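A.B. asks: Got a structure for you, written out below as structure tokens; questions coming shortly.
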Amino acid sequence: MSKFSFTIHSNYKKARSGVITTAHGKIRTPTFMPVGTRGTVKAMLTESVVETGADILLGNTYHLMLQPSAERIAYLGGLHKFMNWDKPILTDSGGFQVMSLSKLRKITEEGVSFRSHINGNKYMLTPEYSTEIQYLLGSTITMALDECTPYPSTFEEAKTSMNLTTRWANRSRDAFVKREGYAQFGIIQGSVYKELREQSVKDLVKFDFDGYAIGGLAVGEGQELMFKVLDYVSDFLPQNKPRYLMGVGKPADIIGAVSRGIDMFDCVIPTRSGRNGQAFTKYGTVNIRNSKYAEDKAPLEYDCKCPACTNYTKAYLHHLVRIREILGPMLMTWHNLTYFQNLMSRIRAYIKLGKDFDFVN
């Protein structure tokens with residue numbers, strides 16, 4: 001079994017390309033992780049996700065702990081076997097979903113108490129329990145429990161939240177069972193305040209996490225402010241550890257973040273957009289529902305190798321989506337995930353060549 005490691009092969013300004021080696025295989029970076037919230041990437045067979053070029057998936061601890069339960073997944077051989085995926089899986093801590101329950105949850109020093117949105121059952125998600133759940137799932141990369149600081153927050157509110165995240169990170173690290181090829185990432189908080197972000201990095205680096213995620217962004221602050229935060233946070237972070245920007249997936253945001261030293265991304269945008277009839281292409285987005293595509297004989301993209309582009313026209317995809325045929329969202333999702341993996345492949349190639357990669361419309 002391979003040890004967990006991160007090797008940077010090429011640099012271009014702040015951008016890096018390399019390989020993360022794990023117990024479940026290698027991850028080419030920069031990388032985009034399709035979101036498999038409940039143990040499936042919506043509208044996709046697992047083997048189809050492989051064909052898009054994805055190296056790693058994201059699973060959601062909150063949803064999986066409720067249905068079918070971490071214990072049941074462990075009994076059935078772990079999340080990899082359960083969903084027939086033999087590549088790396090990163091699981092979030094469940095914190096973001098729990099925090100978003102608002103009226104159904106309460107935050108204390110111990111953790112977050114909440115009621116299930118499914119049946120009202122009460123749970124307490126602590127740093128230790130979140131880490132245990134992810135262990136039972138068999139996650140390749142486990143995330144420490146954090147409090148996702150809302151935006152906007154005052155300096156004092158952000159500081160209080162950041163300090164709680166630091167204490168939870170310490171407990172998460174203590175609870176993590178170290179195994180060869182497996183990893184745990186800490187999550188940097190501090191809202192939009194440079195002083196707090198720097199302090200958060202200093203605090204979490206003491207726990208020697210295997211990688212570091214940047215949380216609390218893409219929550220309403222806008223691209224300009226997000227990039228401003230990334231400009232200085234990347235200078236604070238260790239150069240030899242992977243950096244993960246959580247929940248960011250717009251192509252222009254990915255390119256801007258990679259140029260600021262980010263290695264990993266996840267987002268529901270490609271799958272959600274696909275189900276809603278929106279396709280990403282090198283020439284901009286296509287709303288396939290639009291009547292102008294009703295007799296369009298061209299594919300979404302001529303040089304895309306996905307089944308939607310190699311086998312079907314825009315007119316056919318328009319027809320499927322308009323009549324709400326289930327094949328429509330499946331093909332649109334397959335195309336979008338392929339687009340995102342092609343985007344990451346192009347970015348990696350440009351970094352290796354030492355060229356600018358601002359090629360998103």
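Along the chain as shown, residues are numbered 1 onward.
Backbone N, Cα and C atoms are what each Cβ position is placed from, and that goes for glycine too.
Since the structure is predicted, the reported quantities are computational estimates derived from the model, not experimental observations.
Checked Swiss-Prot, it gives:
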- Asp92: active site, proton acceptor (ACT_SITE)
- Asp266: active site, nucleophile (ACT_SITE)
- Asp92, Ser93, Gly94, Gly95, Phe96, Asp146, Gln189, Gly216: substrate binding site (BINDING)
- Cys304, Cys306, Cys309, His335: Zn(2+) binding site (BINDING)
- 247-253: region 'RNA binding' (REGION)
- 271-275: region 'RNA binding' (REGION)
A.B. asks: Other than Cys304, Cys306, Cys309, His335, which residues of the chain come within 8 Å of the Zn(2+) site, judged by Cβ distance to the Cβ centroid of those residues?
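C.D. replies: Neighbours within 8 Å of the Cβ centroid, excluding Cys304, Cys306, Cys309, His335: Pro299, Leu300, Glu301, Lys305, Pro307, Ala308, Thr310, Trp334, Thr338, Tyr339.
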A.B. asks: Between the Cα atoms of Cys304 (Zn(2+) binding site) and Asp266 (active site, nucleophile), what distance do you get, rounded to the nearest Å?
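C.D. replies: It is 22 Å, counting Cα to Cα.
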A.B. asks: Within the region 'RNA binding' (247-253), how many residues are helix, strand or coil going by DSSP?
C.D. replies: 3 helix, 0 strand, 4 coil
A.B. asks: Give me the long-range Cβ neighbours of Cys306 (Zn(2+) binding site): same chain, 6+ apart, Cβ under 8 Å, in sequence order.
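C.D. replies: Same-chain residues close to Cys306 (Zn(2+) binding site) (Cβ under 8 Å, separated by 6 or more) are Thr52, Leu331, Trp334, His335, Thr338.
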A.B. asks: Run through the Cβ atoms and count how many others sit within 10 Å of the one on Phe96 (substrate binding site).
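C.D. replies: Phe96 (substrate binding site): 21 neighbouring Cβ atoms within 10 Å.
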A.B. asks: With DSSP as the yardstick, break the region 'RNA binding' (271-275) down into helix, strand and coil residue counts.
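C.D. replies: Split by secondary structure, the region 'RNA binding' (271-275) comes out as 5 helix, 0 strand, 0 coil.
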A.B. asks: About how far apart, in whole Å, are the alpha carbons (Cα) of Phe96 (substrate binding site) and Cys309 (Zn(2+) binding site)?
C.D. replies: 35
A.B. asks: Please classify the secondary structure at the residue listed as 'active site, proton acceptor' using three-state DSSP.
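C.D. replies: The residue listed as 'active site, proton acceptor' sits in coil per DSSP, no helix or strand.
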A.B. asks: If you draw a 10 Å sphere around the Cβ of Gly216 (substrate binding site), how many other Cβ atoms fall inside it, taking every protein chain shown into account?
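C.D. replies: Its Cβ has 31 other Cβ atoms within 10 Å.
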A.B. asks: Non-local Cβ contacts of the residue listed as 'active site, proton acceptor' (under 8 Å, 6 or more apart, same chain)?
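C.D. replies: Within the chain, the residue listed as 'active site, proton acceptor' has Cβ neighbours under 8 Å at Leu58, Gly59, Asn60, Thr61, Tyr62, Met143, Met246.
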A.B. asks: Using a 10 Å cut-off on CB atoms, tell me which of the recorded positions Asp146, Asp266 is the least crowded.
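C.D. replies: Checked Asp146, Asp266; of these recorded positions, fewest Cβ neighbours within 10 Å: Asp266.
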A.B. asks: Just to verify a number: CA distance, Gly216 (substrate binding site) to the residue listed as 'active site, nucleophile', in angstrom, no decimals.
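C.D. replies: Between the alpha carbons of Gly216 (substrate binding site) and the residue listed as 'active site, nucleophile' there are 14 Å.
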A.B. asks: Specify the count of other C-beta atoms within 10 Å of the C-beta of Gly94 (substrate binding site).
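C.D. replies: I count 25 other Cβ atoms within 10 Å of it.
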A.B. asks: Could you say which of the binding-site residues Cys304, Cys309 has its Cβ with the most other Cβ atoms inside 10 Å?
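C.D. replies: The largest 10 Å Cβ neighbour count belongs to Cys309.
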